[in-house]
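See structure below.
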C-alpha cells in the first residue's frame, strides 16, 4: 500500500513538473507585438500595400482606436474594422454577415481589440489561425460618423488602411519585405525621432520609450512555431491521465468498502465444548440419534452479529436443535 501511494505521488509530481516546464516554455516563446493604432495618420500603412505582419503562433497583437482628450490633435476618426478574405481585401468590400472586430465610435476612451494567434481557441467565438496562411483586416469606413457603416471603398481604398497577417511565416523568405514593412518587431523608420511610427497621433508618446527592431532570439521562431499546440496536446493528455488515476482510486476505495461490509469480520467455528449435554434414553444402546442442543451464540459471541444487537429485545436466547447421528468425539461426554 505504501509503495503504491509513493508511486502515485511520483506520477503526480512528474505531471505537474512537466506542465510547469511547458507553461514556461510557451510563455517565453510568445511575443506581444507592437500595437497598431487604427487611424489615417499611421505611416505604417504603405500606399498600395497596407501593413504587413509576420506573427507566429502564440503571439498577441492589439489594434487600438485612440481616444480624444485635451492633449489630442485633430478630430476623432470613426471606423469599423473587419477580418475578411483575400478577395474582399483586394476589392475593399465587406459583406453583411461580416462581424466587426472593432467599432471605433467612442471618442472619450480607447477602443482595443486583442488578437491572440492560436490554432485552437477555448472561446466559441474566438479567432483561430493556421500556420502558413494569410489573414486580412480592413476598414471600409471613411473616418466620419456618417460613413461609419460603408460597405465598400473607404480608407481601405483611399489610404490603404488594411493589414496582411502572414501567420507562421518567416519574413526573410519574403525578400525585402523586412525593409519595406514591419514584421514581428517593426523596425524604426527614419524621421520618427526614435519613436515607433504606429504611435497614435492623438496621444503624445513617452519620449523615453523606443522599440528595438533588431532584438535577438527570433531566428528560431519558425522552428518552434507550433509549441503552443504541442503544449495543449501534452497538457490535455496529462489531465486525462490524472482523471483516469483519480477514477481508478475512487473505484478501488468503493470496492474495498463494499467488500468489508459483506465479508465476515472473523472466521468462527463452533466449539463442541459449548454444546449442551445430549439427551439419551435408557434403551437406545448407542443406536438411536442423539438430541444435541447447539446454542445460536458461540463462545466468542461473534457468530451472529445481528443477534448480538437485538437479542436482548426479544427475551430469552433462542437455541437451534439439530438432529445428529450418534458419535463419540473426545470432548463430548455422556451420562452413565
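The backbone N, Cα and C atoms fix where each Cβ goes, glycine too.
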* Structure fact -> Among 123-169, 170-216, 217-263, Swiss-Prot marks as region 'Disordered' the stretch 170-216
* To do: Of the residues 99, 277, give the one that Swiss-Prot describes as phosphothreonine.
  => 277
